[in-house]
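Student: There's a structure below that I have some questions on.
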């Protein structure tokens, strides 16, 4: 059960399941299904199996089921990884983070159901689960030795790119929070047209301010990633990890901006909104991979 031969498929399945957790959370919020099981948790309407199954109950129950299965799968993965490749420096801390933040995400989700938290607290939910996803994602990359391929093993990231990448990670995370707040505050269609309602630029409600803040953060995210991408490909032209990685990040942020704009233009089409959540999930995952490589460069400085 915990054999080394299981590591690769466990990593892939756990990463996919964590992706579905992210998308499921976005689906619950977008469809207003957070109260699909009433104020009961872990039961649904006070029962293990509810009497009726309206669509919001099905969506909420499905999200809970996927979250529970993902916890079991992540536990299986981290125990197996700890046992067989725990000698790799990053595996143990990543294992602790992945399980710890997944449990924290579940607790915040439960608190939201039972005590009806305010929007600003609920917006933390997506970001916390994103940290857990990224930890599982990194464990999977290590299992497949991606961190040793494409000149990654001999890569030394200098201070300018380190600073830009840290800034990129912080700004993305702030953008994630404001995006989650847009969903929870029911502000997806606030503040008029995209990119700005030029006929009336002054926000008139809390929802307008939430939406405007997210658009400003999205613009900053795009700008910082573009600057980081240009710096990376210009200064590391012969390193495929940097070239491919930061190019992928730049493509993902472009797709993120496009789906964000289309969400508004289509009155929040559900499929587009889910792609919007998917792209930011993998963009943040890519950024944490850069951070892992950067921390290795920092350790080499100290040796």
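Note that Cβ sites are derived from N, Cα and C of the backbone, with glycine treated the same way.
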Student: What does Swiss-Prot say: are residue 90 and residue 122 on the same side of the membrane?
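Tutor: Opposite sides, per Swiss-Prot.
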Student: Looking at 35-55, 245-265, which stretch does Swiss-Prot describe as transmembrane segment?
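Tutor: In Swiss-Prot, residues 245-265 carry the label transmembrane segment.
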Student: If I take the alpha carbons of residue 214 (heme b binding site) and residue 125 (heme o binding site), what is the distance between them in whole Å?
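Tutor: It is 17 Å, counting Cα to Cα.
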Student: Using Cα coordinates, what distance in whole Å links residue 276 (heme b binding site) and residue 125 (heme o binding site)?
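Tutor: Between the alpha carbons of residue 276 (heme b binding site) and residue 125 (heme o binding site) there are 17 Å.
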Student: State the mean pLDDT for the topological domain 'Cytoplasmic' (1-8).
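Tutor: Summing pLDDT over the topological domain 'Cytoplasmic' (1-8) and dividing by its length gives 84.
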Student: Counting only pairs 6 or more apart in sequence, are there at least 3 Cβ pairs under 8 Å between the transmembrane segment (68-88) and the transmembrane segment (164-184)?
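Tutor: As far as Cβ distances go (cut-off 8 Å, pairs 6 or more apart), the transmembrane segment (68-88) and the transmembrane segment (164-184) do not touch.
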Student: Take the topological domain 'Extracellular' (185-215) and find every residue of the same chain, 6 or more past its ends, with a Cβ under 8 Å from one of its Cβ atoms.
Tutor: 119, 175, 178-179, 260-261, 263-265, 267-268, 273
